[in-house]
Every structure is written in structure tokens, then in C-alpha cells.
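Record features, source Swiss-Prot:
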- ARG48, ARG54: NADP(+) binding site (BINDING)
- ARG125, SER126, SER127, ASN242, GLY243, GLY283, LYS298, PRO299, THR300, SER301, SER302, ARG324: FMN binding site (BINDING)
Amino acid sequence: MSDNSFGKLFRVTTWGESHGPAIGCVIDGCPPRLKLSEEDIQPWLDRRRPGQSRFTTQRREPDQVRILSGVFEGQTTGTPISLMIENTDQRSKDYGDIATRYRPGHADIAYDMKYGIRDYRGGGRSSARETAMRVAAGAVARVLLRTLVGEGVKIRAALTGIGGQTIDPSRWDWDEVERNPLWCPDAESVGPWEALLDSIRKDGSSIGATVEVVAEGLPAGLGAPVYGKLDADLAGAMMGINGVKGVEIGDGFAVAALRGEQNADPIAPGPQFASNHAGGILGGISTGQPIVARFAIKPTSSILTPVPSITRDGESVEVMTKGRHDPCIGIRAVPVAEAMMACVLADHLLRDHAQCGWGR
């Protein structure tokens with residue numbers, strides 16, 4: 001059975017392919033009487049929309065969302081919320097050459113091995129085009145969090161590294177993230193990164209990146225031992241983003257080099273934490289501190305450099321990908337990371353309420 005859904009109480013199912021007529025999602029479990037309209041969703045989709053700079057794919061999709069069900073007179077009804085975006089700028093002819101050839105680094109060969117058939121147009125179901133609906137679902141999750149927790153909830157992500165060039169954390173400025181096309185929080189890194197990406201594009205190649213996402217203003221108590229840990233679900237959500245190859249929570253792999261007294265987050269009355277190496281989660285349960293996740297995303301597999309591969313019949317070939325592609329998919333993964341964080345937190349908020357109520 002395929003797995004096209006995630007979440008338990010706030011459950012999101014996505015559907016559609018890159019070059020199909022439309023993509024969409026169904027959100028089940030959203031509480032009734034939340035104020036919701038397309039205007040609450042569209043701005044988040046606009047942040048992810050392709051073709052907004054020379055550093056992302058030049059596929060031009062307006063990504064106009066339509067609410068098909070679950071909302072009446074501007075409020076959620078408690079029934080499934082169905083959202084849809086029409087695809088308008090497909091160029092399927094660009095992919096005719098790979099109908100029988102496997103693109104190295106893509107899911108082509110894996111899909112064929114599993115299903116014996118694949119939609120080769122733009123990657124079909126495995127395309128990052130699907131993530132537009134995750135962003136749409138994340139917008140609904142934000143409305144839920146804002147309504148049930150408060151306006152103080154903030155979920156923000158940023159690009160923290162490209163091709164081994166990383167930001168200076170001491171210059172982190174969230175306002176700067178919205179001022180440049182790379183979602184970079186360090187103004188001094190933007191110029192060198194743009195020069196690097198221009199060089200990569202000119203070479204017909206691609207490059208990897210790192211993204212960090214932070215959620216603030218959430219209550220303590222989200223997550224449950226031992227198989228419903230908040231950090232486990234966050235790691236799974238981030239790992240499910242196209243191209244992600246590694247996920248960290250808090251200081252992640254860096255803690256392997258620390259001593260116990262260095263890694264411990266001292267606690268004072270309040271409670272107040274002196275540091276946040278744990279990323280806001282202990283024992284799988286949120287502590288009320290900022291929740292921090294980080295991931296590494298691989299270079300875009302679609303490149304102009306010929307790479308050895310095989311056909312469906314096992315013959316040796318070289319594949320040079322045509323079409324419109326991102327030189328660094330990490331850039332447009334930033335709003336997707338925010339959306340996945342929002343969906344997981346909305347799900348865990350409802351799960352916590354179901355078990356513990358609101359009175360804690």
C-alpha cells in the first residue's frame with residue numbers, strides 16, 4: 001500500500017503528479033470553526049512558487065489554490081478540507097528522451113523496480129512539485145496553531161549553507177531572510193552565494209545546501225513516549241522532503257564531540273534554560289524552548305553534465321537532463337521545511353489535547 005498521508009489527528013494526504021492536470025491535498029482532522037480562506041493559504045504558496053529568481057527553476061506556475069471542501073462561510077466545518085492547484089506550465093516534451101532511460105540520482109529506477117511503470121514527465125509523483133501541497137497544508141496548520149495557541153507562534157526557516165559555504169551564526173538576522181532570494185539570514189553571505197550559484201548554473205551543474213527551521217511560542221508537553229516522540233516525527237517529516245539526506249534536532253551530530261556537562265542545558269527556576277543544545281525537545285517531549293531542526297539536501301540530480309546510466313532494457317547510455325531545474329533545490333525547500341514543521345506541531349497539539357486536555 002502506498003503512503004501518501006502523514007499525521008495522526010491532523011492528517012494530510014497529497015495527490016497528483018508534476019505534469020498532470022492538477023495537484024492537491026486533503027486535510028482531515030482540522031477542528032471546526034477556525035476562520036480559513038484562500039487568502040490565508042496563498043501568501044505561503046507565493047513564497048515557494050517557482051520562477052521568482054534566476055536561482056530557481058524557470059517553470060512558471062501561478063500556484064493559485066482553490067478550497068474545494070471543508071470550509072463554509074469562511075469557517076472550517078470539521079469535515080475534510082480539500083485543496084487543489086492546477087498545473088499550467090508543463091513541458092512534457094522536454095522529458096521524451098528519458099522515457100526509457102534512468103536519470104542517475106533520481107527516483108526513476110526505484111519507481112520502475114517497485115511498480116513496473118513510471119510517469120517520466122518531470123519525475124511524476126516523485127517531483128518536488130508535490131511539495132506545493134505540503135505548503136498549502138502547512139498554511140492551514142499555521143491557522144490552527146495561531147488560533148489554539150496564540151499569535152506568538154512563529155515558524156521560520158533559513159538557508160544556512162550552500163556547497164560547504166556556511167553562514168556566520170553571529171550575524172543571524174531573521175529580517176534578512178525575507179530580503180534576499182536565497183532565504184539567507186546572513187547578509188554578508190548572500191553575495192558570495194549568488195556568485196557561486198551563477199557559476200554552478202553556467203556549468204550546467206547543481207549544488208547541495210543546509211536548511212534550519214525554528215518554531216517558537218509552542219507550549220511544553222507536545223510529543224509522547226516512546227513511539228510518538230516529537231523529534232522522531234519531525235525528523236521523519238523533514239526526511240520526507242525531496243532530496244533531504246540527513247536531519248538533525250538541536251545540535252545534532254555536533255553533540256557527539258561534547259562532554260556531558262557541555263551538552264546539558266542548565267535549568268533555573270521559571271523554568272529557565274541556560275542553553276538549547278536539545279533543540280527544545282527532551283525525551284521526545286517539547287520543553288517550551290524553541291524547537292530546532294536542521295537538514296542537508298543533496299544537489300539537484302537534473303544536470304546538463306552527461307552521466308553514465310542504463311535503459312529499461314539494461315543497455316548502457318549517457319543521460320543529460322533537459323528541462324527547467326533548480327541549481328540548488330535547498331532554496332525552495334525553505335518554505336517546505338516551515339510547512340512540515342507546522343503540520344507536525346498541529347498534529348501533536350491535537351494529540352496532546354486528546355490525552356491531557358488544555359488545563360496543564
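Including glycine, each Cβ sits where the backbone N, Cα and C put it.
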With an 8 Å cut-off on Cβ-Cβ distance and a minimum sequence separation of at least 6, pull the same-chain contacts of SER127 (FMN binding site), or say none.
GLU17, SER18, ASN242
Among ARG48, ARG54, ARG125, LYS298, which are binding-site residues, the residue with the most C-beta atoms within 10 angstroms of its C-beta
ARG48
Provide, as an integer number of angstrom, the distance between the C-alpha atoms of ARG48 (NADP(+) binding site) and SER302 (FMN binding site).
19
Let me know the DSSP-derived helix, strand or coil state of ARG54 (NADP(+) binding site), please.
coil
Using the structure shown, find which entry in GLY243, THR300, SER302 (the binding-site residues) has the sparsest Cβ neighbourhood within 10 Å.
GLY243
If you measure ARG54 (NADP(+) binding site) to ARG125 (FMN binding site) at Cα, how many Å is it?
25
